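The structure appears below as structure tokens.
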Amino acid sequence: MRDLTHNAKCLDSSSATKVHIGMDEACLAIYNTDASKTIELWGQTEECFKCNFMPYATVGPNGTASMVVNTTYSTLLSTTFNQAHLHGFKAHFKESGYYSLFLNETNYHITETHHHTAIYLPLLYAFIFYSMLFFVWQFAWFLRNRMDSGGDSSEASPILATSTRNSRSYGGTSVGNTADAIKSDTSNSPNGYHDTSPATTAAPAAATATETGITSLPETATGEEVATKRMDKRLKSLDVFRGITIFLMIFVNYGGGKYYFFRHSPWNGLTIADLVFPWFMWIMGVSTVFSFRSQLRKSVPRHVLVLRVIKRSVILFGLGLLVNGISNSNTETFRIPGVLQRFAICYLLTATLEALFMSVSEDDHLIERWGGWFSFRDIIMSWLQWSIVIGLVSIHTVITFVLPIPDCPRGYIGPGGLHDYGTHSNCTGGVAAYIDRLFFTSDHMYSGSTARSVYQNQLGHDPEGLLGILTSMLMVQFGVAAGRILITYDSHKQRILRLLVWAATSGLVGAILCNFDKEIGVVPVNKNLWSLSYVLVTACFGLVLFCFIYVLVDWKEVWSGNPARYAGLNSILLYVGHEITKGVFPFGWTPGGSTHGEHLLMNLWGTSLWGVIAYICHRKKLYLSV
């Protein structure tokens, strides 16, 4: 993103000829209609919190000036004469628009002299195109299935699921308690279960045959049916959620059409791009529960599970370094932290806790032990893991707000640069960045900053640094809690209700911490620092979205989950592959122009190609496992 304002002229002052302006830019012509006074125009983007106004233009009596302004955020403007304030106002300029600002000592007004570009129309066109593609695909399936079956459309739709809940036969026999009835078909898995977590995707031997070990019954099932009959079934909604997330990640990493809401927030706040990473963490937690429960019930020793966790974590960390090396192989400036590295460390810690302390006690024993507390067994059975994770989050909070750092105020968590009126320009990221500089040195960290375009900070900060690991653990633990709900409770309603309670609780606590505001809360929502409120709010959104998918795919069965499910079954392949091919034809190219529409077309094309690759791999039963 360019600087939010710059002094380049966009009009020839002698002839008022328009000069080309770029994407996310508009032209502002300033006219001083006062015949005797020189007026100064000052401004600052509204996104820049607690920032001094910057000089925009000085316009003499009856004079004119022009400048390029950024259109991403609203702009705060102020006029002065001999350092005396005259006017203060806000304007949100639109891309490619030409605006005239008329000023004098007593009045001002802005007019648009050339209509701006409708930058969001390409999003509407893309939605219409993919909707039409959906209906064409579904209609083609309908015709083919009807011709092949002689009018008996029995083959499952590739997109819309055919509900057969009323005609299923339920496997299983009476086992004396509900826990024993939950079974998992993992005969083809070397580990007894195929873990398909986002960062640790394992390859199913048969794409739709591998089971998660959770079961569901119709809401009308009797108590005896719940106790004695279970439906072995893969949790498709988790694969679908993972697939949606990996598609969103690819689209965002490819550029997201250059729309600001598909970029990471400059500092505080939340955009669509900021949701992807924590959702993958959450999914990893859910998958860990399914995997370990199955293996522990097969009497796999706990130390064997720990060794497998260590092996997988090392492989993930190595893949992360490989991805970093694609963009920079210079050992003097090689970046060590990264996305997969964060996955590896969080998986190592969380999965080790589960491997050591996960309970596989039978339900009847729990009833005898806990009595009325049995309804909360999903929480009680993981009290030790929760205690450790909450302890780590407490350590994160203490370090962030108590540990002193040189030349910076205690507890500073701002972006530095212009923030706080420039008084802490070299304190970007506070103690989190300070620890990373001590541990990695500045040469081996992310040298850029999402805040630079707004706050003009020069100090780098790594968004995948060390301190954020502690709060990332909480995100994974939310996933573990969700997974435990899915394997513990029988009915769809029970699961959805409990997941939504978790969503409401985490969302409310996160909102209170940030004071329901972007900037002024005690703990603002901040992806760069993985703040506590950021984890809580994104967990809330992830839980709500998963519940929505679960209802459509696994409960009501009105959607098969495709094509998102194809990507979810091969997420590690798509993640590493899209990182390697970023900007490489045919996944990307240099657009002939510079409009959102051209970038959106290119980014959707690249993302769709990975969707096709995922589908082909699924048909060929090719899956990349770690």
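Positions of Cβ are set from backbone N, Cα and C atoms, glycine also.
Range with TrEMBL annotation transmembrane segment, chosen from 39-58, 499-518, is 499-518. Cross-referencing 343-359, 564-580 with TrEMBL places the feature transmembrane segment at 564-580. Using DSSP to sort the residues of the domain 'Heparan-alpha-glucosaminide N-acetyltransferase catalytic' (234-353) gives these counts of helix, strand and coil: 92 helix, 1 strand, 27 coil. Recorded stretches compared: 465-487, 499-518, 530-552, 600-617; the one with the most Cβ pairs under 8 Å to the transmembrane segment (276-293) is 465-487.
Taking Cβ pairs closer than 8 Å, the transmembrane segment (465-487) reaches residues 182, 213-214, 235, 278, 281-290, 293, 337, 342, 345-347, 349-350, 354, 378-379, 381-382, 385-386, 389-390, 392-393, 395-396, 399-400, 429, 431-433, 435-436, 439-440, 445, 495, 498-499, 502, 506, 529-532, 534-535, 538-539, 542-543, 546 in its own chain, all 6 or more past its ends. As a quick check, the transmembrane segment (119-143) and the transmembrane segment (305-327) miss the bar of 3 or more Cβ pairs under 8 A, pairs 6 or more apart, so the two do not touch.
Residues 350, 353-354, 357-359, 361, 366, 370, 373, 410-411, 413, 430-432, 435, 467, 470-471, 473-474, 477, 480-481, 484, 529, 532 of the same chain, all 6+ positions outside the transmembrane segment (379-403), place their C-beta atoms under 8 angstroms from a C-beta of that stretch.
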